[in-house]
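Shown next, in C-alpha cells, is the structure this report addresses.
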Amino acid sequence: MGNCAKRPRHRAPKDRELRPEEIEELQAAFQEFDRDRDGYIGYQELGACMRTLGYMPTEMELIEISQQISGGKVDFEDFVELMGPKLLAETADMIGVRELRDAFREFDTNGDGCISLGELRAALKALLGERLSQREVDEILRDIDLNGDGLVDFEEFVRMMSR
C-alpha cells in the first residue's frame, strides 16, 4: 500500500485534484485516529474517521472496505483514495473535522479530551439559552454516551452532531 512521501500528488479518481485544504482536512481526520502514530488506521477506526468527515458509512460498506484492506489497516494514501471522491462530492453544508474539533474544544472547557456532565450542561445552556433540568441533561448524556462512562469523547460527539 502507498506511502505519502512517495506520491505527493493526491488525486481523487476520475475527478479534479484535491485542494490543499481538502488534503489537510483528510490528514487531520486520519491523524486523529492514527493513535499509535504508525501511519495506519485500523478497519475498526475507519468508520469513526469517515464520520468525522461527515460521511456516514453503512455497516455493509465498512465490511466491503475491510475485505479490500490487506492486513486490516489503511495508510494515508489509501485513505485519500477512499475518501477523496466522497469529499469532492460532499455538499457545502457538511461539517468538516476541523469544525467539529473546534466545537468539541469549546464544550471541553477543561481540555481533558472529554465533555463531562457539567460541561455538557453549560454547553446546552449556552446553545439553548435556557437551563435544563438535571433529568433532561442526564437523558441527553445517556443518549450520547455510547460507552457508558459518563463522559462524551470526540467520537461520541461526532456521532451526536451527525444525527
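Sequential numbering from 1, following the chain as shown.
Keep in mind that glycine also has a Cβ here, set from the backbone N, Cα and C atoms.
Secondary structure from DSSP puts D36 (Ca(2+) 1 binding site) in coil. Around D36 (Ca(2+) 1 binding site), no same-chain residue at least 6 positions away in sequence has a Cβ under 8 Å from its Cβ. Taken from Swiss-Prot, the feature Ca(2+) 1 binding site applies to D34, D36, D38, Y40, E45, supported by sequence analysis.
The Ca(2+) 2 binding site feature in Swiss-Prot is assigned to D108, N110, D112, C114, E119. The local packing around C114 (Ca(2+) 2 binding site), expressed as other Cβ atoms within 10 Å of its Cβ over all shown chains, amounts to 19. According to its DSSP assignment, C114 (Ca(2+) 2 binding site) is coil.
All protein chains shown were included, and the count of other CB atoms within 10 Å of the CB of E156 (Ca(2+) 3 binding site) stands at 21. Annotated Ca(2+) 3 binding site per Swiss-Prot: D145, N147, D149, E156, in sequence order, evidence recorded as sequence analysis.
Residues annotated as domain 'EF-hand 1' in Swiss-Prot, with sequence analysis given as evidence: 21-56. Across the residues of the domain 'EF-hand 1' (21-56), the predicted structure has a mean pLDDT of 86.
Residues or ranges marked as domain 'EF-hand 2' by Swiss-Prot: 72-89. Under DSSP, the residues of the domain 'EF-hand 2' (72-89) split into helix, strand and coil as follows: 15 helix, 3 strand, 0 coil.
The feature domain 'EF-hand 3' is assigned by Swiss-Prot to 95-130, with sequence analysis given as support.
Across the domain 'EF-hand 4' (132-163), DSSP assigns 19 helix, 1 strand, 12 coil. Summarising the annotation, Swiss-Prot assigns domain 'EF-hand 4' to 132-163 and lists sequence analysis as the type of evidence.
As annotated by Swiss-Prot, N-myristoyl glycine applies to G2.
Tertiary neighbourhood of the domain 'EF-hand 3' (95-130): same-chain residues 25, 28-29, 32, 52-54, 137-138, 140-141, 144, 150-154, 157-158, 161, selected by CB-CB distance under 8 Å and a gap of 6+ residues from either end.
Here the binding-site residues are D108, D112, E119, and the one ringed by the most other CB atoms within 10 angstroms is D108. Neighbour count (other Cβ atoms within 10 Å of the Cβ, all protein chains): 10 for D149 (Ca(2+) 3 binding site).
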